[in-house]
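Peer 1: Checked TrEMBL, it gives:
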REGION    1-29  region 'Disordered'
DOMAIN    45-112  domain 'Histone-binding protein RBBP4-like N-terminal'
REGION    111-141  region 'Disordered'
COMPBIAS  121-136  compositional bias 'Acidic residues'
REPEAT    257-292  repeat 'WD'
REPEAT    304-338  repeat 'WD'
REPEAT    349-391  repeat 'WD'
Amino acid sequence: MAARKGRSRTCETGEPMEAETCDPGTEGPSQVYLPGRGPPLSEGEELVMDEEAYVLYHRAQTGAPCLSFDIVRDHLGDNRTELPLSLYLCAGTQAESAQSNRLMMLRMHNLHGTRPSPSEGSDDDEEDEDEEDEEEQKPQLELAMVPHYGGINRVRVSWLGEEPVAGVWSEKGQVEVFALRRLLQVVDDPQALAIFLRDEQARIKPIFSFAGHMGEGFALDWSPRVPGRLLTGDCQKNVHLWTPTEGGSWNVDQRPFVGHTRSVEDLQWSPTEDTVFASCSADASIRIWDIRAAPGKACMLTTATAHDGDVNVISWSRREPFLLSGGDDGALKVWDLRQFKSGSPVATFKQHMAPVTSVEWHPQDSGVFAASGADNQITQWDLAVERDPESGETETDPGLAALPQQLLFVHKVRLT
């Protein structure tokens with residue numbers, strides 16, 4: 001959440017900004033701030049983060065910007081909520097020079113929840129205890145890096161049995177597979193990490209590389225049902241199928257799947273069928289494919305105008321026959337695959353004011369998803385939510401009436 005200070009406004013949909021100071025003489029009551037919908041900030045108004053909107057909120061920097069990251073599945077359990085939390089991330093940089101890029105493994109741990117504001121009547125002893133607790137609750141970050149020539153467009157992580165691997169799309173037109181076991185080991189052991197950074201990191205190379213796309217791309221997805229099966233799509237409209245072979249290698253079919261007329265932006269395997277996948281493209285279409293057919297005849301279903309412009313990202317629900325898409329038009333659309341032939345989504349949401357750049361269904365809750373956009377917003381949605389007409393919320397705050405009922409939360413990032 002955030003407040004506008006000066007003529008103070010609060011963003012009830014969650015706007016994390018750094019707390020700012022202002023002339024206390026100009027402060028007034030908090031008002032709702034609606035990103036992209038309300039009036040712009042006036043002179044003397046500033047946004048302030050309301051930490052009470054967050055169970056947990058931490059920030060970290062990686063030096064060079066990262067266009068893509070993926071959560072590395074660990075053995076600490078699913079759907080865990082007990083604090084402090086730990087997680088592993090694999091990310092790739094987009095540095096200014098090709099030689100400066102890195103594939104990174106991050107271990108973030110000791111992640112405690114947001115702290116309540118101290119009460120006005122707290123004494124010195126309580127403040128000392130709070131300082132001690134704050135020291136113990138500092139978040140920790142371990143980072144292992146591998147040199148990578150060229151910016152990394154996308155990273156996707158999978159497990160081949162007990163072996164973690166990362167598929168990496170390079171701006172240099174290659175798709176590479178890196179083994180991650182050693183990186184995961186060293187971020188858990190400070191001594192091993194020091195040795196790795198000193199003696200080993202420069203020697204890490206991909207275990208497999210494919211340069212047959214003849215150009216760069218962004219689309220990449222590992223099959224959740226067939227270990228090692230991979231799809232990669234490029235800016236030349238082609239999609240290639242990778243089949244794992246014995247000895248830790250892959251056979252990449254040189255015959256591309258044919259159907260899209262412009263860049264393939266994203267790919268998603270079906271979570272329930274071994275041979276079915278979805279694709280989206282800058283040609284505005286979404287297509288459903290079956291790899292049992294020849295590549296030139298494998299497209300089974302098409303929605304030719306899924307968005308008004310490029311379709312950037314898709315996510316296939318693990319729980320329901322739903323496909324989620326986001327496009328350059330800023331729209332989020334939910335497609336029921338049982339009705340895909342109709343060409344009409346079952347739901348359309350418009351909150352983002354710029355292209356949608358990422359979408360993801362909740363792994364356990366079938367109706368919940370998140371999205372991010374080039375407007376620096378991250379939004380969370382719940383299809384099951386409906387506004388209670390008798391609650392009087394929209395009368396108390398008319399601005400809420402402009403928001404989609406299913407919008408749960410907005411996290412807006414201010415770039416500096």
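Yeah, the Cβs are placed from backbone N, Cα and C, and that goes for glycine too.
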Peer 1: Residue list, the repeat 'WD' (257-292) vs rest of chain: Cβ under 8 Å, 6 or more residues beyond ends.
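Peer 2: Cβ under 8 Å, 6 or more out: 217-226, 229, 231-241, 298-318, 323, 325, 327, 335, 337, 340.
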Peer 1: Would you kindly list the residues that approach the repeat 'WD' (349-391) from elsewhere in its chain, counting only those six or more residues past its ends and only Cβ-Cβ distances under 8 Å?
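Peer 2: Answer is 35-36, 78-79, 310, 312-320, 322, 324-334, 403-415.
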Peer 1: Please compute the mean pLDDT of the model over the domain 'Histone-binding protein RBBP4-like N-terminal' (45-112).
Peer 2: 91
Peer 1: On the DSSP side of things, how many residues of the repeat 'WD' (304-338) fall into helix, strand and coil, could you say?
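Peer 2: Tallied per class, the repeat 'WD' (304-338) gives 2 helix, 18 strand, 15 coil.
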Peer 1: Summarise the domain 'Histone-binding protein RBBP4-like N-terminal' (45-112) as counts of helix, strand and coil residues per DSSP.
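Peer 2: Helix, strand and coil residues of the domain 'Histone-binding protein RBBP4-like N-terminal' (45-112) number 6 helix, 29 strand, 33 coil.
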Peer 1: Could you give me the DSSP helix, strand and coil counts for the repeat 'WD' (257-292)?
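Peer 2: Taking the repeat 'WD' (257-292) as a whole: 0 helix, 18 strand, 18 coil.
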